[in-house]
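Asks: Starting off with a structure, shown below.
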Amino acid sequence: MLQRESSFAKEALRYGLIVLVLGFIVFPIAWMIITSFKPADAIMVSPPRFLFTPTLENYVHAIYDKNFLFYIKNTLFISVASTIIVVVTGSLAAYSFARYNVGDGHLLFFILSTKMFPAIAVILPYFLIFREVGKTGIGSFLGIGLDRPGALIISYTVFNLPFAIWLLVSFFQDIPRELEHSARLDGLSRLKVLAKVVCPLAAPGIAVTGVFTLIFSWNEFLFAYILTRKAASTVTVGVESFFTLQGILWGPVAAAATISVLPMLVFVLAMQRYMVRGLTFGAVRG
Amino acid sequence: MSQSLSVPASQERGAASPTAMSDRWFSILLIVPAMLVILVFALLPLAYALDVSFRFADLTRGRIGDFVGLDNYRAVLHDRAFWSSVGVTLKFTLTAVTLEMVLGIAIAFLIHGATAGKGIIRSLMILPLATSAAVTGLFWRYLYDTQFGLINHFLGLVGLPEPNWLGDYTIALWSVILFDVWQWTPFVALIALAGLQALPKEPFEAAELDGASTFRVLRTLTFPMLKPVLFLVLVLRTIDSVRLYDAVAVLTRGGPGTVTETMTFYLYRTGLKLFRMDYASTMAIFFLYAMLVASLFALRPLLTQFSSRASEG
Amino acid sequence: MKSMLKKGLLAAALMASTAPAAMAQECADADRVPITWSTIAGFYTDAMAELVSGFEAGHCVKVNVVNIDNSQLYNKQVIEMVGQTGAYDVVTLETSEKAEFAENGFILPMTEYFADKKAQLDDVAPTLAALTTQYKDDVWGLPYYTYTAGYIYRADLFDDPTEKEAFKKRFNYDLAVPTTWAQHRDIAEFFTRKAGETLKGEKLTKDFYGVGLMAGPFPEIQDEMSGVLWSQGADWLTDEGKVPVDAVEKAMNDYLELVKYAPPAALTVTYDGVMNQMKDGQIAQTYSFFLDQWPNAVQTETSVAGAKMGVAEAPEKKAYIGGFLLAVSASSAHPKEAMDFVAHIGGHDAQMEFAKAGGTSTLMSVLSDPAFAAPESRGKTGHFSTLLEIFDSMKGFRSNLFDTPFGAKIYNTMQIPLQSAAAGQISARQAAERLAVEVEKICGGPCPIGK
């Protein structure tokens, strides 16, 4: 009886703390979403206004006047394409590192070290590379070049690969080798083992990696801003058109930001199933 | 890891078809696509930066200019603003990463122990990451504002002092850190949580049967098993913090004055405002060098661990 | 050799342009020559779209408008110029950037182009023309928008009998639009009040401040400081290309006097923050503030009960002056069409439309058009007559900052020491000295001044 009470108190404390943490995390975003429904004259006021007649005018402005969905479409295409490339090539490489120890750690270190070069120092070489590639037939065929989506897909792939490979290596290493060995004994080829046995087991890790890769690509600003002009611009660049000479259009910015969070949320919710699979891990192993 | 089930190498080879390639070739083929991308797009810019760092290169005065030897290196070494930005970066990284790791791991445990609602908790946690710093930073600027901000409004209501979060040079850097902690603690927590959930159950069940204390289980089981993934998160967060740009660019632009000017922001100012690509490249080389040296020491345990786990069995 | 070829091509293009304009109207979409204009985001976008289609109606050209955030416009354009991508045919330049773009061959001179369009060039307010269109005996484009600074204030406070009386009692002279620095400072001090005190006889529910300033980490604190410095007879650069440390120190100290009476947010905001403070009834006046914000400032009259806005010349009749210049990129594939576009947007008809939409024109014929002085136009163009006065007061004004090819880089750096001083981290002296060091570093010695 006493024990149950104390465990109830413990649970209450736990959920109390969780609510507190979530409050801190959610509150700025919540304020942003609230702002997106405010009429223009209720935003920059002191004291802050909590009661107001909600309006959709900010969304109308963002979607119709600023054509924000165009940027969403660009960003979706670019970040999904880049994420697929990263997850596929990253998984292959990570599996190789985790199982065969290619390069004895040196290659892994080299891969991580490419992340240590400041982005701003590589931006100009990238600009020049893509300018040249863009002039060629291959460039225009593959959509690579300045203000073409390929330039950003490649850039984001390069940035996210080191992170993805390192994260995946640690997940792959947690998978017991015995399963692979027995699958090989059953006559499966190495690639089949990777696809049918290893990847399903590593699903939580791959899902987590995919989620973060997508999010990082979705949110990147500097390269999108330098390498695109309009046709291939992404949401982070699109938001810039809300910073006007009459000041920042807070309401429409909030609406645009809220719109751009939605695809990520849907994606994360969809990936939940795979991320949770880790729970059953022990069962498989046993 | 149990060795009893492992198959002798000869037997394994026998199971594959005769035309199958060797493990070595297979393993190399697996990394080829990733390495191709990385080699081209990491080494080319590096070579370019190295070349430029030995030349005069003011982009607005023509193209890449004459060879000037080590002049740029000397200039950067004597640049006070550069060293001050190094100091800001160190202070920022040390504080932000420590806070994010400690809080993130604590939150992961908190959520891991929860019985219900994990899915919704995880989805909410991802929110700060799901919007770019360029946008959320803007709203933090709004929250921090002394005239219209929500934070000072609430502080005022309960009679607390209302700081000038981004305008007071003694606290501006802390305000940037707070923003970074808000944005990245969930990242640490989510990965740590994934690590916790991936832990095998049996050792813990056994420990419970033995009546081991919670602290003992943590110390001898949980943390040692979580170590690789936590260490990895630590490394990734450190690298990203050292390269901090977005948050500074949107919150303070390095101000007031240069109080929050990190290395990458100074690099941006030098390279993309003053267009001195020679100085910018030289700083980038310094940056890379420092990071490599630091990580050679820091990463050794992780690398050895990866290697030994990969070579075993 | 290359430039000769370019000139030849240009001459050929000019001759071709004498063909009747009427034929342009019947041109198929496929024949339209594409040109791209990089400009400032949210810059009366709707009005611009109309001006652009007006141009397209008369020319067989398709104009692609690229909107870029003001703070990123400079570097984005430089990268495309250095990369000679030809992506932008028409660029938008700030006054301090013109010399750099001209000196480095990023933009084409339009002297020949305007040779037979002298009248159009002469219509640009002469004070502005000297600063924006000319560099080293050539014409480089047309300004189409001016942000020239003046003084925007809450006229209702100045008209209030209680405030007038209290002011007179305290300072021994009448409360009126300030003409000197000392008066401006007094007024700022006078109107700075805590919540609970009274303003216009009514109890304040929140703190009220004497002046709104743009001392945040943006390149606008130097615009305010320019007013102080220039009105004291100094300039950012001497004719020898050096920063006059003593003069900057003095101006900085005067500016710091003003910071005391500004809201704390002054250290984090730029003009939009000041406008938000004005519209929320938190400040009484501005200093050396962009007059193109007038249509924005007037909204205070609806958001604050009893408010009435006023506009005047800045104290001492010197303030930041300049405009956005349209110029043609040297890497443009269609310089002729691009120049036609510049002439169109900067021309009388387009500028009239622009002004009606709330844009602040640079042409004398537009600024002095009686229609814009009518009471019903006050909300959008009430500042035009003040602009004319400013152009008159500042006739013949030059700043070396606008005549050095390093102007843009200096301009993009100078807010750092100035802001450090405003935040109280360093003294005015230290700020002036740091500025001198930074400027010398940027120019690699004394800055060249090209007049």
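Placement of Cβ uses the backbone N, Cα and C atoms for every residue, glycine included.
Caution: TrEMBL annotation is automatic and unverified by curators.
What you see is a predicted model, and the numbers here were worked out from it, not measured in a lab.
When I checked TrEMBL for this same protein, it listed these features:
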- A:72-271: domain 'ABC transmembrane type-1' (DOMAIN)
- A:12-34: transmembrane segment (TRANSMEM)
- A:76-95: transmembrane segment (TRANSMEM)
- A:107-130: transmembrane segment (TRANSMEM)
- A:150-172: transmembrane segment (TRANSMEM)
- A:193-218: transmembrane segment (TRANSMEM)
- A:248-270: transmembrane segment (TRANSMEM)
Asks: Can you tell me which of A:76-95, A:107-130, A:193-218, A:248-270 gets the most C-beta pairs within less than 8 Å of the transmembrane segment (A:12-34)?
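Replies: The stretch with the most close Cβ contacts to the transmembrane segment (A:12-34) is A:248-270.
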Asks: Between the transmembrane segment (A:150-172) and the transmembrane segment (A:76-95), are there at least three Cβ pairs closer than 8 Å, leaving out pairs fewer than 6 positions apart?
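Replies: Touching, yes - the transmembrane segment (A:150-172) and the transmembrane segment (A:76-95) meet the threshold of 3 or more Cβ pairs under 8 Å.
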Asks: Please report, as numbers and ranges, the same-chain residues at least 6 past the borders of the transmembrane segment (A:76-95) whose CB is under 8 Å from any CB of it.
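Replies: Counting only partners 6 or more residues beyond its ends, the transmembrane segment (A:76-95) has Cβ contacts under 8 Å with 149, 152-153, 156-157, 160-161, 164-169, 171-172, 194, 198-199, 202, 206, 209-210, 213-214, 217-218, 232, 234, 263.
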Asks: Who are the chain neighbours of the transmembrane segment (A:193-218) in space, where the CB to CB distance is under 8 Å and they lie at least 6 residues beyond its ends?
Replies: 75, 78-80, 82-83, 86-87, 90-92, 95, 152, 156, 159-160, 163-164, 167-168, 170-172, 174-175, 179-180, 183-184, 234-235, 260, 263-264, 267-268, 271, 274-278, 281, 284
